[in-house]
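Engineer: What TrEMBL records for this protein is below:
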TRANSMEM  20-39  transmembrane segment
TRANSMEM  59-79  transmembrane segment
TRANSMEM  91-117  transmembrane segment
TRANSMEM  158-182  transmembrane segment
Amino acid sequence: MTAASRGRCWGLRLPRPKTFLGIISLQTGTELVAIALLINKATGFYGFLTLLTGFAASALQVTWYTLSVVIIGLLAYLIPHVRKQSPFQNLALAWLYVIDTVAHFAYVSAFATIWYLETVQNAKTSTVEEAVSRRQDGNETGDAMEAVPVVKGNPDAAASMVLVVAFTLLRVYFGLVIMSYARAVLQRYSNEERGTTADEIIANGSSANPFAVGSPLGEGLKGKMGRLMVAVGQGYWLGYREEDEEWARDIGSKFRRSRTRGPD
């Protein structure tokens, strides 16, 4: 399977929201999600400050706190570009959210596993100690002493797992919103810069890569990074689907008006 075909397959698998929660524009939704992530990372920033005071922390915690500080800095730079519809910065914001979501899931999974194992071990230890105590008091028979302790389920653990799954699904949806907005920005910029008509977009099946060599955004380090980010899932970022036809035919008027007014 070629890289292009892999990109098309990846693009076809992912939903492409057209609004945020069905009532808010993708631009506003992207800003809200990015700001929410910024606030969320503030807790990691405070954790990083505690490290400077000599607070003892595990290697996993140190890594997470440091990553939070880096993400805060990147968000502070990228969020203003959501309203400006800057192609490179919006694509970078989408990838930042995807990477953070994966890192967050791995981090939570690691801590949940450690916490669960410790809970099970403590429950077993408590059960054995209780059995020994009863045996010494003459309240248990020898057969009961030899029985294998049964660890009862923890309702709090089940509730925690439900919350983790719910928040993970919510983050996935938020990620799809940011990715959909970045995709729209990329395609609008590419089609407007090249003067591509709606019929040409439909006929080609995709928009041109705005970071292609020789294009205004394809120069220097940003151009290389842009091509790298687009290359992973190119069918998603630049591909066209039938449900995009109405949007494609509306590109000319909407985007030219926004360019004439300039960024807010």
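Just so it is clear, glycine is given a Cβ too, placed from its N, Cα and C backbone atoms.
Any TrEMBL annotation is an automated prediction that lacks curation.
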Engineer: Among 20-39, 59-79, 158-182, point out the range having the most Cβ pairs under 8 angstroms from the transmembrane segment (91-117).
Structural biologist: 158-182
Engineer: Counting only residues 6 or more past its boundaries, what in the same chain has a CB within less than 8 Å of a CB in the transmembrane segment (20-39)?
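Structural biologist: Non-local partners: 71-72, 75-76, 78-79, 82-83, 85, 90, 93, 97, 100, 174, 177-178, 180-182, 184.
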